[in-house]
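Peer 1: The domain 'HIT' annotation in TrEMBL covers A:15-118. Marked as domain 'C2H2-type' by TrEMBL: A:163-190. Residues or ranges marked as motif 'Histidine triad motif' in TrEMBL: A:103-107.
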Amino acid sequence: MAKETANKKATGHWSMGLLASMDDPELRVEADDKLVIIKDKYPKAKYHFLVLPREKIPSLKSLTAQHLELLQYIHKKGEEIADRANKELRFRFGYHAVPSMSHLHMHVISQDFDSPCLKTKKHWNSFTTQYFVDSSEIIRQLEKKGKVEVGGPDANELLKQDLRCHVCKKKFANMPGLKSHIVFHNVTKSKNK
DNA sequence: GTTCTAGAAC
DNA sequence: GTTCTAGAAC
């Protein structure tokens with residue numbers, strides 16, 4: 001209680017924040033009996049949603065073949081929300097190899113990466129290197145092996161990689177340089193690149 | 001995950 | 001002198 005103001009409810013450690021966000025009407029976009037979709041509190045692109053199962057699944061490591069149907073449903077609902085948000089922009093659907101926040105969540109993020117909340121190399125590399133694992137890849141692994149194996153001890157090194165444009169692979173020395181470059185790319189689905 | 005900020009990089 | 005990154009936060 002010492003550090004919490006009297007009118008704010010303590011929600012525990014910051015890594016548990018997603019559970020509170022799931023119930024936040026400001027962030028919630030959609031919900032049914034199996035999952036909740038919220039807007040990312042600090043969106044890293046024009047459109048950035050999180051799809052969270054209601055079932056308490058701590059991480060990718062907890063997944064078994066029994067979760068296949070749920071993961072396919074999460075993916076489907078993610079595609080729907082992306083389509084509803086913007087039909088032109090390209091989106092990716094996937095999971096961070098080693099997420100900071102507890103509770104399994106699939107990112108639905110438009111590939112413009114045009115957002116003031118996108119600030120650091122870690123942000124960038126977490127969405128544009130192999131640290132970002134496509135949902136389809138997760139589902140494939142689960143179908144094939146009955147479990148998911150991503151990340152590993154070298155996962156953190158991925159976040160330290162040099163900054164590269166995700167479209168043309170051009171290298172940049174710092175974030176402001178990269179950010180002013182990527183706004184010139186069209187990240188639409190099918191139109192001329 | 002973010003905020004803050006010291007000191008590196010420019 | 002200003003911009004930018006990177007590490008601590010109990």
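Every residue gets a Cβ built from N, Cα and C, even glycine.
Locate each feature and note its surroundings.
Peer 2: Model confidence over the domain 'HIT' (A:15-118) stands at 97, taken as the mean pLDDT rounded to a whole number.
Cβ atoms under 8 Å from those of the domain 'C2H2-type' (A:163-190) belong to residues 88-90, 110-114, 118-121, 124-125, 127-128 of the same chain, restricted to positions at least 6 beyond its ends.
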